[in-house]
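S.K.: Pasting a structure below so you can have a look.
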C-alpha cells in the first residue's frame, strides 16, 4: 500500500514538540482586533480617502470594510477554536470529532481556503475603490454606489463558496498537515492525479493575480496621494472647500502638505504587510506542484507549509488594525501629535531660518 505523502495525513494525535502558544496568540490578537474594529464601525463610519467629497454615511468604503471585518471575525471564530481544541485534547483533526469521521478535517480545509480567498477578494475591492476615488473621481461619483458596495460581500462569498467546494466534487484534495492541527489544500502533486495538481495551481494562481491587482491599485492610490502632497506643498492656499478635512473640534480646516503623509505611509504599510503574508502560501503551492520533494526533506518541507499557512492567517489579524483602528479619529490625533506636529514644527523652523539668512 502506498504511504501518504504527508507524514501527519492519517495520524490521530498531535505531533510531539508543538505548542498551542502560537495558535492562541494568533486567535486572541485577531479576535481583539476584529471586535475593537466592529466597535469603532458601530460608532461611526470611517472614510478611507480624505479627498472624497463629504457625503451622508455610510460610505462605500464603510460597506466594504464592514464586510471584510465580519468575514475575518467569522474565520477566526470558526477555525482557531478547532486548532486550540486539538492541542488541548492531543487529537488530530481527523479524530477530534469521532462522530464526524474525517469530515471535520475536510470542513476545516474548506473554510481555511474559503476565508483566505474571500478576504483577498474583498481587499482587492477596497483597493480598487480607493484607487478610483482618488484617481478617477468623476467615474467614481457616477458609477460606484452604495448598492454596488453592498453587493460585494455576498457576491464574493458566493464565488468563494463555489470555488472552494470543488475538492468535494473530485477536483482537488484536502489533506491534514503536520502537526495534525491544520487541514488545507494538498499542495504537492501525485502521480496520475492531475486534478490535485490542477486545483492547487489554480487556487494559487488566482491568489497571485488578486495580490498583484491589489498591489497595483494600492501603488496607484499612493501615487495619487503623493501628487496631492506635492501640489499642496507648491500651492498650500489653493485648496478649495471640497478638500477640507474636519478637525477634532468638528470644524473644517484646509489640509497641510504633511497631512497627506499619514495616508501615504499607512497605504504603503498595508501593501507591504499584505504582500508578505500572501506570497508564502502562493510560493509553497507552486513549489509543491512542480518540485520533486525527496523523502528525507519532507519534514522540513511540511514545516515550511505550516509557516506559510500561518502567514496567510495573519492577514485577518492586521486587516482591522490597518483599515479601521489606525484610521480612527483617536489614533489620527495621537499620530499627528507624535509624528506630524514635530515634522511641521521643524519645517516652519527651517523656513524661518532660511528667511533670516536671506535677509
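Here the Cβ of each residue, glycine as well, is placed from N, Cα and C on the backbone.
Feature list, courtesy of Swiss-Prot:
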DISULFID  105-183  disulfide bond
CARBOHYD  10  N-linked glycosylation site
CARBOHYD  90  N-linked glycosylation site
CARBOHYD  297  N-linked glycosylation site
TOPO_DOM  1-21  topological domain 'Extracellular'
TOPO_DOM  43-59  topological domain 'Cytoplasmic'
TOPO_DOM  81-107  topological domain 'Extracellular'
TOPO_DOM  129-150  topological domain 'Cytoplasmic'
TOPO_DOM  172-195  topological domain 'Extracellular'
TOPO_DOM  217-262  topological domain 'Cytoplasmic'
TOPO_DOM  284-310  topological domain 'Extracellular'
TOPO_DOM  332-359  topological domain 'Cytoplasmic'
TRANSMEM  22-42  transmembrane segment
TRANSMEM  60-80  transmembrane segment
TRANSMEM  108-128  transmembrane segment
TRANSMEM  151-171  transmembrane segment
TRANSMEM  196-216  transmembrane segment
TRANSMEM  263-283  transmembrane segment
TRANSMEM  311-331  transmembrane segment
S.K.: Whole-number Å only: compute the distance from the Cα of residue 90 (N-linked glycosylation site) to the Cα of residue 105 (disulfide bond).
M.R.: 15
S.K.: Reduce the DSSP letter at residue 183 (disulfide bond) to three states and note it down.
M.R.: strand
S.K.: Taking the Cβ of residue 90 (N-linked glycosylation site) as centre, how many other Cβ atoms lie within 10 Å?
M.R.: 12
S.K.: Can you give the mean pLDDT for the topological domain 'Extracellular' (1-21), rounded to a whole number?
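M.R.: Reported value for the topological domain 'Extracellular' (1-21) is a mean pLDDT of 71.
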S.K.: How big is the gap, in Å, between the Cα of residue 183 (disulfide bond) and that of residue 10 (N-linked glycosylation site), rounded to a whole number?
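M.R.: For residue 183 (disulfide bond) versus residue 10 (N-linked glycosylation site), the Cα atoms are 11 Å apart.
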S.K.: Around residue 10 (N-linked glycosylation site), how many other C-beta atoms are within 10 angstroms of its C-beta?
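M.R.: Other Cβ atoms found within 10 Å: 14.
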S.K.: Reported as an integer number of Å, what is the Cα distance between residue 10 (N-linked glycosylation site) and residue 105 (disulfide bond)?
M.R.: 11
S.K.: Find, for the listed disulfide-bonded residues 105, 183, the residue with the lowest Cβ contact count at a 10 Å cut-off, counting only other Cβ atoms.
M.R.: 105
S.K.: At a C-beta cut-off of under 8 Å, are there same-chain residues at least 6 beyond the topological domain 'Extracellular' (81-107) that contact it? List them, or none.
M.R.: 8, 10-14, 18-20, 23-24, 27, 168, 174, 176, 180-183
S.K.: With DSSP as the yardstick, break the topological domain 'Cytoplasmic' (129-150) down into helix, strand and coil residue counts.
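M.R.: Split by secondary structure, the topological domain 'Cytoplasmic' (129-150) comes out as 19 helix, 0 strand, 3 coil.
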S.K.: In the topological domain 'Extracellular' (81-107), how many residues does DSSP put in helix, strand and coil?
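M.R.: Helix (H, G, I), strand (E, B), coil: 17 helix, 0 strand, 10 coil.
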S.K.: Cβ under 8 Å, sequence separation of at least 6 from the ends of the topological domain 'Extracellular' (172-195): give me the contacting residues as numbers and ranges.
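M.R.: Sequence-distant neighbours of the topological domain 'Extracellular' (172-195): 4-15, 17-18, 23, 83, 86-87, 91-94, 105-106, 108-110, 112-113, 166, 203-204, 284-285, 287-290, 293, 302-303, 305-306, 309.
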